[in-house]
Amino acid sequence: MCTPPCCVSQLACCCGTAACSCCCNCCPKIKQSTGTRIMYALYFLLVTIVCVIMMSPTVEEQFKTHIPLYKELCEKLNPGDKCKTLVGYTAVYKVCFGMSCFFLFFSFFTFRVNNSDGCRAAVHNGFWLLKFIALGACCVGAFFIPQEEIFLEVWRYVGTACASIFLLIQLMTLVEFAHRWNTNWTVFPESSGVKYSRFWYAALAFVTLTLFTLAVGAVVFMGVYYTHPKACLHNKIFLGINGSLCFIVSMLAISPCIQKLQPTSGLLQPGVISVYVMYLTFSAFSSKPIEMVKINDVNTTVCVFPFNSGLESDKKIVTALGTVILFGCILYSCLTSTTRRNSAALRVCRNSEPETERARCCFCFGDDTDDYDEERTGSGQNVVYDEKEATIYSYSYFHFVFFLGSLYVMMTVTNWFNYKNHEIEKFLDGSWDVYWLKMACSWVCLIIYMMTLIAPMICPKRFEA
């Protein structure tokens with residue numbers, strides 16, 4: 001139960017510039033920069049949950065029945081029994097449009113903010129209740145946009161472009177996460193006098209084995225159910241290519257020439273990358289237009305998800321996994337430190353490992369080795385004001401990434417909704433555009449990771465500096 005002083009502090013957090021914190025004083029202290037990013041992530045999570053709820057059949061039916069705008073849309077486009085799904089997709093587009101406008105405004109509003117003393121930084125770090133109301137107003141106001149069919153078509157192109165950019169950022173975050181995870185569980189500070197730990201190496205081996213088991217299992221599963229002797233030629237070719245590339249980067253990561261330059265390179269990183277590439281491959285296969293072959297003189301749909309006898313089951317799995325990966329990347333970005341020593345993971349410098357960092361399960365939080373004099377203590381959680389001298393992350397870039405993430409949520413939740421030439425009856429049958437986009441992203445992911453391995457060999461002096 002909140003004590004009166006803590007309730008007052010939370011009220012100041014909602015309506016003033018004070019930093020937000022938990023009302024339990026047993027919680028570990030939190031940095032202001034971390035608390036701010038977590039609050040925006042909670043906003044993002046809340047709107048995403050609303051989008052998922054809008055995709056439920058009950059809510060779709062209520063929209064169709066009680067909102068005249070959607071009655072007219074269904075009558076104009078004549079989608080038949082798919083009208084409820086179209087209404088749900090349109091509602092998600094409107095809500096994500098409002099959320100993206102909210103974060104895009106703050107991206108421009110906080111441009112070139114260098115410290116937390118100014119009024120713009122105060123708005124960024126506080127006034128949470130007012131910002132929540134503004135976010136809700138943006139999402140609700142989007143439902144009053146006219147010309148529904150034009151909005152769907154135009155905003156889908158914007159969403160596809162921005163979601164593709166966010167996918168690249170997500171790929172880079174994943175590669176950085178894999179490098180940092182392996183480094184944290186294998187590198188120990190010299191001051192500890194410990195060169196290795198059997199426990200952490202055993203944990204590393206177990207996680208690596210699990211990741212490669214999932215990757216190999218995914219290849220076998222897709223080889224059995226998403227290929228056919230008489231059809232699905234693209235699936236067979238690209239499954240073989242992606243599986244071979246994952247094997248190549250795994251062998252490259254433990255090759256002597258790479259180990260000489262990067263002693264911390266191991267199989268954990270390619271394990272993480274391989275699982276993600278298999279997810280993208282599965283996602284691409286589920287987005288492909290359906291193929292049919294004649295079996296015993298009967299047209300039969302092939303290369304589809306085998307369970308629950310539903311053509312949309314794999315799309316639901318892809319949406320769920322994509323949402324989990326999205327929030328995992330966002331949470332990692334919110335929790336991890338953005339100081340210079342932790343932003344060097346993609347450069348893979350040989351001397352970039354933190355000297356004082358210790359192996360632990362929650363390595364994303366980082367060690368609080370920096371001393372900050374400004375600290376608020378009271379009945380609730382202590383807050384460390386770590387941005388008095390300068391900001392430790394770019395406010396504008398942070399909001400821009402959330403803007404891109406809003407559109408990625410829109411495209412993911414609606415399964416990259418598309419209908420060509422207004423053929424609304426085909427908008428759930430898959431798209432070759434989405435298929436090639438996701439397949440290209442899997443190759444980009446492998447290329448990014450491969451570059452982190454071979455870059456020190458190509459430019460050794462740059463990475464020794």
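Here the Cβ of each residue, glycine as well, is placed from N, Cα and C on the backbone.
As recorded in TrEMBL, the features of this protein are as follows:
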type     : residues : note
TRANSMEM : 38-59    : transmembrane segment
TRANSMEM : 91-114   : transmembrane segment
TRANSMEM : 126-145  : transmembrane segment
TRANSMEM : 157-178  : transmembrane segment
TRANSMEM : 199-225  : transmembrane segment
TRANSMEM : 237-255  : transmembrane segment
TRANSMEM : 267-285  : transmembrane segment
TRANSMEM : 317-335  : transmembrane segment
TRANSMEM : 397-417  : transmembrane segment
TRANSMEM : 437-459  : transmembrane segment
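Outside the transmembrane segment (157-178) by six or more residues, the chain places 93, 96, 100, 268-269, 272-273, 276, 325-326, 329, 332-333, 345-346, 401, 403-405, 407-408, 410-412, 416, 433, 437, 441, 444-445, 448-449, 452 with a CB less than 8 A from a CB of the stretch.
Take the transmembrane segment (199-225) and the stretches 237-255, 267-285, 437-459: counting Cβ pairs under 8 Å, 267-285 has the most. If you look at the transmembrane segment (317-335), the same-chain residues 6 or more away from its ends with a CB under 8 A from one of its CBs are 34, 37-38, 40-41, 44-45, 48, 52, 170, 173-174, 177, 276, 279, 282-283, 286-287, 305, 364-366, 401, 405, 408-409, 412-413, 415.
Under the criterion of 3 or more C-beta pairs below 8 Å, with sequence separation of 6 or more, the transmembrane segment (397-417) and the transmembrane segment (38-59) qualify as touching.
Among residues of the same chain six or more beyond the transmembrane segment (237-255), those with a C-beta under 8 A of the stretch's C-beta atoms are 212, 215, 219, 222-223, 226-227, 265-267, 269-271, 273-274, 277-278, 281, 284, 439, 442-443, 446, 449-450, 453-454. Cβ atoms under 8 Å from those of the transmembrane segment (38-59) belong to residues 20, 84, 88-89, 91-92, 95-96, 99, 128, 131-132, 135, 139, 323, 327, 330-331, 334-335, 398-399, 402, 405-406, 409-410, 413-414 of the same chain, restricted to positions at least 6 beyond its ends.
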